[in-house]
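Annotation source Swiss-Prot lists Zn(2+) binding site at His172, Cys176, Cys178, Cys181, citing similarity to another entry. Among the features that Swiss-Prot reports, Ca(2+) binding site is placed at Glu417, Gln420, Asn435, Asp438. Annotation comment: Swiss-Prot describes 762-790 as region 'Disordered'. Annotation comment: Swiss-Prot describes 71-93 as repeat 'ANK 2', evidence class similarity to another entry. Annotation comment: Swiss-Prot describes 96-118 as repeat 'ANK 3', evidence class similarity to another entry.
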Amino acid sequence: MAQFYYKRNVNAPYRDRIPLRIVRAESELSPSEKAYLNAVEKGDYASVKKSLEEAEIYFKININCIDPLGRTALLIAIENENLELIELLLSFNVYVGDALLHAIRKEVVGAVELLLNHKKPSGEKQVPPILLDKQFSEFTPDITPIILAAHTNNYEIIKLLVQKGVSVPRPHEVRCNCVECVSSSDVDSLRHSRSRLNIYKALASPSLIALSSEDPFLTAFQLSWELQELSKVENEFKSEYEELSRQCKQFAKDLLDQTRSSRELEIILNYRDDNSLLEEQSGNDLARLKLAIKYRQKEFVAQPNCQQLLASRWYDEFPGWRRRHWAVKMVTCFIVGLLFPVFSVCYLIAPKSPLGLFIRKPFIKFICHTASYLTFLFLLLLASQHIDRSDLNRQGPPPTIVEWMILPWVLGFIWGEIKQMWDGGLQDYIHDWWNLMDFVMNSLYLATISLKIVAFVKYSALNPRESWDMWHPTLVAEALFAIANIFSSLRLISLFTANSHLGPLQISLGRMLLDILKFLFIYCLVLLAFANGLNQLYFYYEETKGLSCKGIRCEKQNNAFSTLFETLQSLFWSIFGLINLYVTNVKAQHEFTEFVGATMFGTYNVISLVVLLNMLIAMMNNSYQLIADHADIEWKFARTKLWMSYFEEGGTLPTPFNVIPSPKSLWYLIKWIWTHLCKKKMRRKPESFGTIGRRAADNLRRHHQYQEVMRNLVKRYVAAMIRDAKTEEGLTEENFKELKQDISSFRFEVLGLLRGSKLSTVQSAQGTKESSNSADSDEKSDNEGSSKDKKKNFSLFDLTTLIHPRSAAIAAERHTISNGSALVVQEPPREKQRKVNFVTDIRHFGLFHRRSKQHAAAEQNANQIFSVSEGVARQQAEGPLERSIQLESRTLASRGDLNIPGLSEQCILVDHRERNTDSLGVQVSKRVCSFKSEKVVVEDTVPIIPKEKKHAKEEDSSADYDANLTDTITHEDYVTTRL
């Protein structure tokens with residue numbers, strides 16, 4: 001940095017200057033190249049084409065040159081979305097490079113299509129790489145067109161690329177140890193991780209999934225789950241993977257939003273993709289919904305259409321349940337709950353009876369199971385009151401009547417958990433926290449029953465309870481039974497999920513438990529650290545003599561830090577303020593030890609109370625807020641899991657009736673034993689081809705129905721996505737840039753048309769001049785002096801005012817009546833027509849300058865009127881007719897100049913005068929000429945010039961007005977100027 005500082009001298013300014021220069025200078029563009037790129041930027045098609053054509057001949061410019069921003073002409077045209085220039089540049093084989101990627105990023109569909117259809121030059125037409133300017137690439141090598149298009153989520157571009165047969169590389173697992181992954185990670189680990197992330201971004205594109213996947217729902221489910229697992233492994237890109245996972249979940253939900261009928265919804269939710277065509281499938285088991293719950297697709301499950309279908313199945317027997325009064329609902333549930341033993345017995349005896357089928361309904365099954373569990377809790381309450389207990393000092397007491405009644409419920413719970421684990425698998429069983437709680441509760445009840453049996457068999461004497469051993473089986477059984485009662489009561493919280501008010505609260509409580517576990521990990525570390533230090537300090541001061549009570553639970557607390565276990569207890573209870581400060585004192589006069597111990601104890605309280613406890617409160621508040629923000633989705637997902645557990649075929653009977661073997665269960669058991677254990681195994685009867693064919697046809701029909709529904713859903717989703725994108729886009733800066741580019745291109749197109757029109761007009765005038773010299777020689781000789789005084793400056797509008805007939809086909813058949821007499825104008829011979837060149841400009845018809853204030857009245861008639869306008873001549877089709885009109889007008893003008901009678905019968909001048917006091921007046925005159933059956937109205941706008949300024953105006957004549965082509969003829973009060 002020393003080079004930035006200079007020694008200040010006497011003549012130096014107040015503040016020194018640091019010289020600046022471009023250290024990474026690039027090659028300068030030539031003026032021709034700058035003009036070429038500027039023309040591309042402005043959209044000047046003609047100039048760009050001219051530059052490209054000159055470059056092919058003279059090689060003056062490099063058509064692949066780049067501007068200071070590193071853009072070629074093709075990239076500039078792509079940014080401006082000028083498809084005409086893009087097509088022009090590609091026709092001249094400019095260097096393409098990353099143009100396709102730029103077009104995809106800008107989402108210019110037309111440019112992408114042009115680039116995809118463009119064939120690269122080969123052989124001599126191909127530009128050598130050494131002649132190309134090195135363009136800095138904005139894209140990494142792993143970014144392919146399909147990956148970039150998927151990142152932009154542009155459906156049209158993705159469709160164009162997929163039609164070309166592109167492919168996406170399959171990403172490897174994070175822990176993949178193949179040679180490719182290991183070598184790529186060793187060479188550049190960052191690029192390896194970024195490449196995987198870019199691939200997953202492309203695969204998670206909703207448009208790509210909708211376009212290329214046969215089963216978009218399954219693809220979205222699996223991809224979101226995989227991305228969620230990746231976020232746990234690659235913590236560096238955790239937020240990106242979680243966002244992609246949410247994107248896939250939202251896509252599945254939005255796609256399900258497009259369903260319009262219950263039939264479509266049932267086809268989607270009942271579709272099973274893991275069975276072959278020859279296997280028997282159940283068409284009403286909500287297989288796709290179960291898969292969504294397995295992959296934790298909360299948005300999909302909580303979608304209103306899905307919830308409506310589930311609710312209709314849940315309240316199958318009560319269609320108007322939600323509209324009933326709350327009192328009616330409570331009475332109905334109470335009656336069904338009281339009758340659950342009757343329904344259970346009916347199902348055991350006759351499963352197909354009306355009452356047996358009634359209990360199989362999901363809602364009735366839920367009420368019966370809830371009533372059974374409430375009965376179990378009532379029995380636990382009776383057992384805790386010891387109503388039938390007579391002798392409390394018996395070491396091995398026999399079971400009471402209430403305990404005998406509790407035993408069937410405990411056995412029923414255990415049997416239900418075994419069946420659930422058998423049907424769903426161990427992995428699915430342990431993923432549910434309520435199942436873990438049930439496992440702990442059932443284990444405690446089994447341990448209690450076992451210890452009571454041991455105590456009943458081993459101990460039968462009557463001894464005072466104070467004399468029993470600490471680890472007596474009866475005492476341990478009572479402790480375990482008390483803990484099991486707590487778990488049993490808390491298990492009732494799981495039923496709150498069915499209620500819309502208590503459900504979100506129960507979910508928030510479950511989320512807070514996770515925060516408490518995280519907090520306990522840090523707290524236990526702090527607790528163990530301070531407990532070790534305090535125990536090391538006070539270990540030597542333990543008091544044992546003369547104490548009837550030892551520990552912190554005594555009336556006078558002592559030996560709080562004598563052992564490690566006692567120290568842990570003391571520090572834990574100090575959080576609640578139950579430990580006194582004097583426990584840090586010692587009998588010896590060791591004040592330093594007391595000071596250090598009190599300081600350590602105070603520091604622990606500050607850390608645990610002020611820091612950790614407030615941190616726990618903040619974490620729990622954050623968890624509750626997360627649930628509150630998505631309370632509806634979280635609650636509906638939890639309720640759906642509860643409902644689905646009752647939609648299953650098994651587990652119909654509530655506890656304890658599920659322990660009783662039903663006739664159906666006995667028949668299944670005997671059949672299984674006969675099939676698997678008997679020596680003579682029954683050979684399976686082969687199925688007929690007709691049965692297999694019908695099954696395959698049914699499965700194929702379901703598959704075709706599903707694909708048809710998916711096709712309709714994808715079409716609706718794409719249409720809605722494009723519509724929403726247009727709605728949300730609004731007016732942005734890009735729109736103004738596009739509008740500016742369109743205006744600039746239109747400006748250059750108009751200028752090109754005007755140049756071509758002016759050139760053709762001049763050439764036509766020069767050709768007409770030679771043919772009209774003989775007819776106009778008399779007019780020029782008689783009025784040579786007056787024509788010099790009447791020269792004016794005409795604008796481009798005045799010189800390009802054209803006459804267009806509105807009906808040329810009818811003009812030849814009609815006659816025009818003027819001044820009360822009809823005059824038929826005959827067409828000139830065809831030989832003369834071929835020699836005469838039709839003039840499209842008004843200069844060949846004459847400009848009239850008013851001399852007097854007299855007004856001439858023009859008679860109105862119903863014949864057709866010609867219109868005067870500015871533009872490109874349309875008279876090529878009506879050429880012969882207009883040539884005749886031109887020749888007749890010249891003849892009539894000559895007759896008027898020579899005072900030939902009848903001129904007034906041919907032309908009527910209608911004058912309109914408009915004056916302005918602040919500026920020069922403008923005189924508008926109309927000449928109405930009668931030719932055949934057409935009326936021609938010519939409007940001339942001529943500035944009125946005073947006589948004293950005529951000579952000055954003669955010197956300032958415009959360059960656009962050619963004096964050699966004009967002459968003036970004076971007739972009565974008017975001056976006719978001939979061009």
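Glycine is treated like the rest: Cβ placed from N, Cα and C.
Projection of Swiss-Prot feature records onto the structure.
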{"residue": "His172", "record": "Zn(2+) binding site", "DSSP (3 states)": "coil"}
{"residue": "Cys178", "record": "Zn(2+) binding site", "DSSP (3 states)": "coil"}
{"residue": "Glu417", "record": "Ca(2+) binding site", "DSSP (3 states)": "helix"}
{"residue": "Asn435", "record": "Ca(2+) binding site", "DSSP (3 states)": "helix"}
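Note on the repeat 'ANK 2' (71-93): DSSP counts are 16 helix, 0 strand, 7 coil. Long-range Cβ proximity for Asp438 (Ca(2+) binding site), meaning a same-chain Cβ under 8 A and a gap of 6 or more residues, is found for Phe413, Glu417, Arg491. Across the repeat 'ANK 3' (96-118), DSSP assigns 17 helix, 0 strand, 6 coil. Within the chain carrying the repeat 'ANK 3' (96-118), a Cβ under 8 angstroms from the stretch's Cβ atoms is held by residues 72, 74-75, 77-79, 81, 83, 86-87, 90, 135, 137-139, 143, 145, 148-149, 152, 154, 156-157, 160-161, 164, all 6 or more beyond its ends. The CA atom of Cys176 (Zn(2+) binding site) is located 34 Å away from the CA atom of Asn435 (Ca(2+) binding site). Sitting within 8 Å of the Cβ centre of His172, Cys176, Cys178, Cys181, and not among those site residues for Zn(2+), are the Cβ atoms of Glu173, Asn177, Glu180, Val182. Asn435 (Ca(2+) binding site) sits 40 Å from Cys181 (Zn(2+) binding site), taking the Cα positions as reference. Using the Cβ center of Glu417, Gln420, Asn435, Asp438 for Ca(2+), the list of other same-chain residues with Cβ within 8 Å runs, in sequence order, Gly416, Met421, Tyr429, Asp432, Trp434, Phe439, Asn442. There are 10 other Cβ atoms within 10 Å of the Cβ belonging to Cys178 (Zn(2+) binding site).
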